[in-house]
Amino acid sequence: MLVVEGLTCRFGNHAAVDNASFAIERGSFIGVIGRSGAGKSTLLRMLNRLAEPSEGRILFEGIDVTALQGRELRQWRARSAMIFQQFNLVGRLDVLTNVLMGRLAHMPAWRSLAQAWPEKDRALAMSALDQFDMAPFAAQRADQLSGGQQQRVAIARALVQQPDIVLSDEPIASLDPRNTKIVMDALLRINKHFGITVICNLHSLDLARVYCDRLIGMAAGRVVFDGAPAELTDRVARELYDLEANDVMGADHHAPVVPTLPALPAYAQAVATG
């Protein structure tokens, strides 16, 4: 279980996240919703320790994540994989090498420096790419891919980390509706097939309702809603977005979305087990 207790992050006199508290069961798909500037990205970055909390604690299975340093902190970042809005791929490198970067925390330093990837890691990376129909692009430069393809590569990279948690920060913000569905289905797949907890920042309430088990709503850095998607009423939407409910609930501009979970190849379970 992931437990957040009174988590606060201040930049000067401004609290980007203010006294956030919640607990998340293993295997959940959590949507963090709210308008721009609500503190969603800062919250996810604190969970991974890319941003340092000013106050509060993060506990995972009894471990105080906020106290980790050095090697233990690097291990935590491997266990809590980040997926960014802008993909964070190395454009000049091929797709397979970008995915293999997710294995760096599992390798000795000399292998990392030489990029001497073990054959089992290469097989793991190819298996991850195959989950998202990206294996045919393994030898292609990452900067030659479309935005949706790059995001699928980023998800494959996160998967080969063999994480306990995937933290996805606005993964569909720059994607068209078709690629939005492909990427959200990919996140749902790693959640349902591999039992990995997914915490995903989303602007789209429609998508949040369809894909997520639970929603955490933020406004001005504070958690103002925590519940099932069915509990997200028009009144709550107005509080979260400071807009008329009709504007919020109808602003996604996506056709109705139905999640798709294609069957996995039998060998794909290697991604989960190593």
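Even glycines carry a Cβ here, placed using N, Cα and C.
The predicted model assigns the domain 'ABC transporter' (2-245) a mean pLDDT of 92. Annotation source Swiss-Prot lists domain 'ABC transporter' at 2-245, citing sequence analysis.
The annotation ATP binding site is assigned in Swiss-Prot to Gly34, Arg35, Ser36, Gly37, Ala38, Gly39, Lys40, Ser41. Neighbours of Ser41 (ATP binding site), defined as other CB atoms within 10 A of its CB across all chains, total 21.
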Per-residue Cβ crowding (10 Å cut-off), top of binding-site residues Gly34, Gly37: Gly34
Residue, out of the binding-site residues Arg35, Lys40, whose Cβ gathers the largest set of other Cβ atoms within 10 Å: Lys40
